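I have placed the structure first, in the form of structure tokens, so that the comments after it can refer back to it.
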Amino acid sequence: MERLFKHICLVARHSKPGITPALMQLANHLAAGGATVLIDKESVTPDEANGYPLIDRTDMGKLADLCIVLGGDGTMLSIARLLAPYRVPLVGINQGRLGFMTDIPLHEMLDSVDAILHGKFVPEDRILLQAAVVREDAEVASALAFNDVVFSRGAVGSMIEFEVFIDNQFVYSQRSDGLIVSTPTGSTAYSLASGGPILHPTLQAIALVPICPQSLSNRPIAVNDSCEVEFMLTRGLDARVHFDGQLHCDLMEMDRVLIRRYRNPLRILHPEGYNYYDMLRHKLHWGERLI
């Protein structure tokens with residue numbers, strides 16, 4: 001059977017102990033099967049690359065028709081934001097801790113990747129968020145987020161105050177440590193730790209989860225992902241907005257942050273037999289069936 005993907009980019013976290021041999025094992029295996037292998041230049045040194053082309057991460061979406069990440073969810077997040085504009089699918093090999101998105105164990109890497117290349121996979125489209133920071137009617141920053149956009153206080157110990165709007169309708173004002181605006185993918189990350197709901201990845205929803213609100217009546221809510229969410233900082237020093245916990249922008253009072261669903265979803269390819277609830281039970285150590 002002809003392989004579906006011919007140009008494959010490999011990405012790994014170079015600082016992870018033992019990652020380079022696994023990366024090169026996969027590269028050699030793919031090349032032996034006839035694929036054109038590209039390697040992210042942040043993942044290996046030129047000497048380690050063994051002659052494979054090294055490319056910038058910003059070029060992955062233009063040059064590859066599949067990207068395989070060896071690492072944890074943090075690496076997946078950074079690559080997801082780069083690939084989404086190009087609709088390039090993503091496969092995750094688990095080298096991290098929890099690995100909610102990297103669902104292929106290392107010892108099954110070669111067999112699972114071969115199956116995916118021959119069309120045996122479970123595709124899943126997941127939304128991203130597009131956020132813009134507006135100051136005095138001018139956009140001063142923008143970014144994509146695969147997990148969440150987090151509005152929070154900085155190093156100063158006091159709470160911040162802000163107002164929240166959905167589709168230009170006032171929802172509430174809040175005094176708290178901040179607010180998490182989460183995708184379904186991000187609902188098992190910071191949002192979950194803050195008391196937010198777990199959202200199935202295919203659910204067309206966005207969760208708004210307060211961080212340590214002063215009023216106990218401020219509870220998480222979920223809205224349709226077609227909505228535009230806006231929050232405005234009304235009082236607070238050293239406040240910031242974070243994108244997937246990897247990028248951030250410092251805020252000033254009266255700054256507004258506008259958040260909406262990004263136009264392109266990201267497609268993740270899972271191995272055959274993937275079951276979301278099995279994954280949750282395993283990763284979160286939920287109780288097993290009694291019979």
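Keep in mind that glycine also has a Cβ here, set from the backbone N, Cα and C atoms.
Per Swiss-Prot, the features are:
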ACT_SITE  ASP73  active site, proton acceptor
BINDING   ASP73, GLY74, ASN147, ASP148, ARG175, ASP177, GLN246  NAD(+) binding site
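Rounded to a whole number, the distance between the Cα atoms of ASP73 (active site, proton acceptor) and ARG175 (NAD(+) binding site) is 31 Å. Taking every pair among ASP73, GLY74, ASN147, ASP148, ARG175, ASP177, GLN246, the residues recorded as binding NAD(+), the greatest CA to CA distance is 31 Å. Cβ neighbour counts within 10 Å, taken over all protein chains shown, single out ASP148 as the most crowded of the recorded positions ASP73, ASP148, ASP177. Annotation: ASN147 carries the greatest number of neighbouring Cβ atoms among the binding-site residues ASN147, GLN246 [cut-off 10 Å, Cβ to Cβ].
According to DSSP, ASP148 (NAD(+) binding site) is assigned to a strand segment.
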